[in-house]
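Enquirer: Below is a structure I'd like to ask you about.
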């Protein structure tokens, strides 16, 4: 084994080391975000282990029936939510939490309060668990001005105010993608070390992609610009090859592929869901933040996604995100439609 390769293999950039490096670039940093992120990472490791069916044997019991004496198995999404809420509260760095699983925001006990708000979906795509499709955790972090008098209003900030965002995908491997506002980096969980190692430094999405990702089962309810765009993907007028369709139906997996390979992911509004289906605070915003940090863009059909100001915590929005030029094309179609309506 040559020495150079060996040196490279033994110099591990863990997520903790990466975040500490980022912190040291900012002279007024107190380490609060670093501590908060390490608690999120712990939550992700726990969920990764649970999703991988750790402890399954105890649950099923030797005879193959479900263990009757033991507690009934908690649904994974409920379990994941509890783990994240407890990890975030105990970090002492949060004052309010918004989870997809909880109808109301959670205000942290004053003694444990810190200056951050975390919005998260503990297990996105959890309806896919049984068929082995990748699922994930999504999170976005905001700063709160006055932690002692925090209100719901403080949570309803536009996405551009986020200080960090990321997702963790539990698939064939466990991958955590993170941005603290200075580019996007991907880390993979090394199960033998229990550490996330930097495997995808400085992710940049291709300027234009060959893939479109959308649930075409909703096509009959789409608006005009969406229908036109998908038509162009399939039957390009300019002689170029048609785009490939890839749709997993788990947002984390679809966005992850879009980020790495380029292309566009869309969940448009339709007649049944006039505001689309994805939630602003913990799906649309974090993914849009990552896309922009990676050189792509994100659009709601009306505006840049990160400029949207939500009015309630579980608000929904249509979303088009991905490669810069592909989203630019969608923006053009919406602009043309608006002009048409204006003239009528």
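Glycine is no exception: its Cβ is also placed from the backbone N, Cα and C atoms.
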Enquirer: Among 100, 101, 153, find me the residue Swiss-Prot lists at the same Mg(2+) 2 site as 121, 123.
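Expert: Same Mg(2+) 2 site in Swiss-Prot: 100.
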Enquirer: Can you tell which of 116, 142, 247, 261 Swiss-Prot lists as binding substrate with 124, 125, 126, 127, 215, 267, 277?
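Expert: Given 124, 125, 126, 127, 215, 267, 277 bind substrate in Swiss-Prot, the matching entry from 116, 142, 247, 261 is 247.
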Enquirer: Which of 231, 283, 292 shares the Mg(2+) 3 site with 121, 124 per Swiss-Prot?
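Expert: Between 231, 283, 292, Swiss-Prot records just one in the Mg(2+) 3 site with 121, 124, namely 283.
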Enquirer: May I ask which of the binding-site residues 100, 247, 277, 283 is closest to residue 123 (Mg(2+) 2 binding site) if we compare their C-alpha atoms?
Expert: 100
Enquirer: Would you list the other residues of this chain near Mg(2+) 2 - those whose C-beta lies within 8 angstroms of the C-beta centroid of 100, 121, 123 - in sequence order?
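Expert: Result: 77, 80, 81, 99, 101, 120, 122, 124, 126, 137, 138, 282.
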Enquirer: Using the alpha carbons only, what distance in Å do you get between residue 215 (substrate binding site) and residue 100 (Mg(2+) 1 binding site) once rounded?
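Expert: Per the Cα atoms, residue 215 (substrate binding site) and residue 100 (Mg(2+) 1 binding site) stand 22 Å apart.
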Enquirer: Any idea what DSSP makes of residue 124 (Mg(2+) 3 binding site), helix, strand or coil?
Expert: strand
